[in-house]
Amino acid sequence: MAEQVWTLAGKPNCRLLRPSILLLMALVLVLLGYGILSPGGRMLGSLGAGTAVREPDRLQVVTQSRMAYPQPKVLTPSRTDVLVLTPWLAPIVWEGTFNSDILNVQFQLQNTTVGLTVFAIKKYVVFLKLFLETAEKHFMAGHRVIYYVFTDRPDAVPRVALGPGRRLQVLRARPYARWQDVSMRRMQMLSEAAEQRFLREVDYLVCADVDMQFHDHVGVEILSPLFGTLHPAFYGRPREAFTYERRPQSQAHIPWDEGDFYYMGAFFGGSVPEVQRLTKACHQAMLADRANGIEAVWHDESHLNKYLLYHKPTKVLSPEYMWDQQLLGWPSVLRKLRFVAVPKNHQEIRKSESGGQPTGSPEGAGRAGRAAGN
């Protein structure tokens with residue numbers, strides 16, 4: 001038999017080496033297979049070259065030795081005085097319908113980062129300090145947050161003490177002459193920023209108006225692929241009373257016999273891809289309207305309502321998350337007021353800085369002013 005063999009002196013001995021080679025090959029294959037088949041390997045391997053995504057963060061260790069809380073009772077509904085589920089099975093979030101402790105643990109396990117966008121253009125920058133201070137107290141407590149402040153006055157952005165895991169980024173925005181244009185261009189800026197940075201930096205986006213303040217807990221219970229907030233003036237009214245855009249010439253047109261709810265343009269959001277789709281669609285619809293010489297009655301809010309009619313939100317926030325106590329009081333159906341309007345003089349705020357004359361609608365015609373149904 002002509003069989004080459006290694007001796008202890010360094011000559012080949014195939015019978016002794018073959019098991020070692022096979023063992024080494026098996027170990028290499030196992031390691032390669034783990035890298036390819038592991039969740040991280042599948043995720044990264046499935047992306048094409050050049051795709052920009054947010055890098056997965058290191059998983060946060062959450063110590064939760066027990067899950068002790070009152071057992072949910074199938075035959076005892078959490079609320080009987082309000083609608084808690086839409087016909088398309090999206091939850092409507094009211095106080096008493098969720099357990100924050102359970103939700104916080106679930107989102108901490110996912111190491112969720114939330115982006116909060118706000119536009120502080122011209123004189124509206126005066127509302128920014130209260131907005132940020134109350135957000136630090138009530139918004140996504142215990143979770144990572146990035147505040148995205150769009151403004152034409154970066155030097156006027158106040159310095160607010162931020163908690164651990166929370167930071168602020170200032171993004172320059174153009175100061176359009178009319179407040180309506182600022183409102184409508186918000187959709188364009190959000191869509192572009194989502195593509196350029198949000199997709200890489202955060203998991204969810206919450207888009208809010210700056211002339212508001214957080215009054216109570218606003219946490220991960222609102223997070224969902226796509227959410228909208230019930231307008232405080234219309235949550236108990238029939239669809240015929242909604243101030244949808246009714247002119248067929250507009251891309252925001254909604255017929256009189258259609259509509260679920262009227263959503264407020266001052267508080268909406270969802271996952272970054274869903275918010276990007278929403279804002280891009282609304283911006284394109286507004287461009288089409290402009291080309292046809294028409295402007296929707298409530299600007300970007302009209303287009304938001306059209307979008308959410310045909311792209312149903314996966315979660316709906318009750319008026320607890322959008323309220324004006326000065327105009328509407330505090331009805332018993334609202335156990336908490338979470339995000340509320342700041343008293344203001346719209347006419348004074350919206351005066352043109354160049355000529356001192358008010359631009360756009362008179363006082364009370366804005367989002368907060370409409371809370372009384374004006």
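From the backbone N, Cα and C atoms, a Cβ is placed for every residue, glycine too.
Remember, TrEMBL labels are computer predictions, not curated facts.
Residues or ranges marked as transmembrane segment by TrEMBL: 20-37.
In the shown protein chains, 23 other C-beta atoms lie within 10 A of the C-beta of Val210 (UDP-N-acetyl-alpha-D-galactosamine binding site). Per TrEMBL, the feature UDP-N-acetyl-alpha-D-galactosamine binding site maps to Phe119, Ala120, Ile121, Tyr124, Asp209, Val210, Asp211.
TrEMBL lists Asp209, Asp211 with the feature Mn(2+) binding site.
What TrEMBL lists as active site, nucleophile is Glu301.
Per TrEMBL, the feature region 'Disordered' maps to 346-374.
A simple Cβ count within 10 Å picks out one of the binding-site residues Ala120, Ile121 as the most packed, and that one is Ala120. Taking every pair among Phe119, Ala120, Ile121, Tyr124, Asp209, Val210, Asp211, the residues recorded as binding UDP-N-acetyl-alpha-D-galactosamine, the greatest CA to CA distance is 11 Å.
Excluding the listed site residues Phe119, Ala120, Ile121, Tyr124, Asp209, Val210, Asp211, the same chain places Val118, Val125, Phe127, Leu128 with Cβ atoms within 8 Å of the centre of the UDP-N-acetyl-alpha-D-galactosamine site Cβ atoms. By neighbour count, meaning other C-beta atoms within 10 Å, the densest spot among the recorded positions Asp209, Glu301 is Glu301.
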